[in-house]
Amino acid sequence: LNPWDVMLCVSGTAIACENALVVAIICYSPALRTPMFVLVGSLATADLLAGLGLILNFVFQYVIRSETVSLLTVGFLVASFAASVSSLLAITVDRYLSLYNALTYYSERTVLCIHTMLAGAWGVSLCLGLLPVLGWNCLHDRAACSVVRPLTKSNVTLLSASFFLIFLIMLHLYIEICKIVCRHAHQIALQQHFLTASHYVATKKGVSTLAIILGTFGASWLPFAIYCVVGDPDYPSVYTYATLLPATYNSMINPIIYAYRNQEIQRSMWVLFCGCFQAKVSFRTRSPSDV
């Protein structure tokens, strides 16, 4: 057994378990039907599929050796991780809209916008996953292979370029979110004639959280995306594994950042697992702008 394959399988198992719990909680709780939780559910579903894909890839690699099955598994992983990254972008857009259009955010137009974004994200992700299955692969032309066999060099270049574009869009939106948060804090300070310590701490915490979210996303995926562009299939496979493994950790961290920190999901977990939640305990309903 290749120890790197074992680590990827273990990572996939942890990812699947974490995100399956999030999906179960959102499906179990009728209260979690707002656009924000629909986006979180989309992210958890994509990461759940990615975790299952890593497990299936390990099983088929050592139990059922078939190029066709390998191709299907790789396509499944590409679609799942693409849906995960696309869902992260949709969450970022949703957070921006909740601040930029705060007065009209809770409207049917926002719900339609969220559903349209998700439909587009999953549609594009499915197409990206089908490309290698429909023939864009290097099974019959080893010279065209990339560092991720059986994907071609042009295929991984397209995927990497898409990631860089999404990363830049998220970076721009988070910078705009920081500007809006700081502007709101300044307006409150002008109304109250001074900036209280609580406002300063809340603003600093919000900006720090945004930096952690974007930093985690970039640190997880940037090394693998860059290596896919500059790497050569003749390089030792350990380089591919060493950059791919941290990328899978992003799907492991996503539930912690976007789900388990939310008080509504915490309450639903109490109800789901022990049924001993006291109704008298109040929770503040969060908006997407709470980071």
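Cβ atoms here come from the backbone N, Cα and C positions, even for glycine.
Lifted from TrEMBL, the feature list:
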DOMAIN    18-258  domain 'G-protein coupled receptors family 1 profile'
TRANSMEM  6-29  transmembrane segment
TRANSMEM  36-64  transmembrane segment
TRANSMEM  70-91  transmembrane segment
TRANSMEM  112-136  transmembrane segment
TRANSMEM  156-175  transmembrane segment
TRANSMEM  207-226  transmembrane segment
TRANSMEM  238-260  transmembrane segment
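Under 8 Å from some Cβ of the transmembrane segment (70-91) lie the Cβ atoms of residues 39-40, 42-43, 45-47, 49-50, 52-54, 56-57, 60-61, 114, 117-118, 121-122, 124-126, 128-133, 137, 139, 148, 150-151, 159, 162-163, 166, 169-170, 217, 221, 247, 250-251, 254, 258, 288, all in the same chain and six or more residues away from its ends. If you look at the transmembrane segment (238-260) against the transmembrane segment (156-175), you find fewer than three C-beta pairs under 8 angstroms, all six or more positions apart, and that falls short of contact.
When pLDDT is averaged over the domain 'G-protein coupled receptors family 1 profile' (18-258), the result is 86. Highest Cβ pair count under 8 Å relative to the transmembrane segment (112-136), across stretches 6-29, 36-64, 156-175, 207-226: 36-64.
Tertiary neighbourhood of the transmembrane segment (6-29): same-chain residues 37, 40-41, 44-45, 47-48, 50-55, 57-58, 241, 244-245, 248-249, 251-252, 254-256, 259-260, 264-265, 268-269, 271-272, selected by CB-CB distance under 8 Å and a gap of 6+ residues from either end. With a threshold of 8 Å between CB atoms, the same-chain residues lying at least 6 positions outside the transmembrane segment (207-226) that come near it are 85, 88, 159-160, 163-164, 167, 170-171, 174, 177-178, 181-182, 243-244, 246-247, 249-250, 253, 257, 291.
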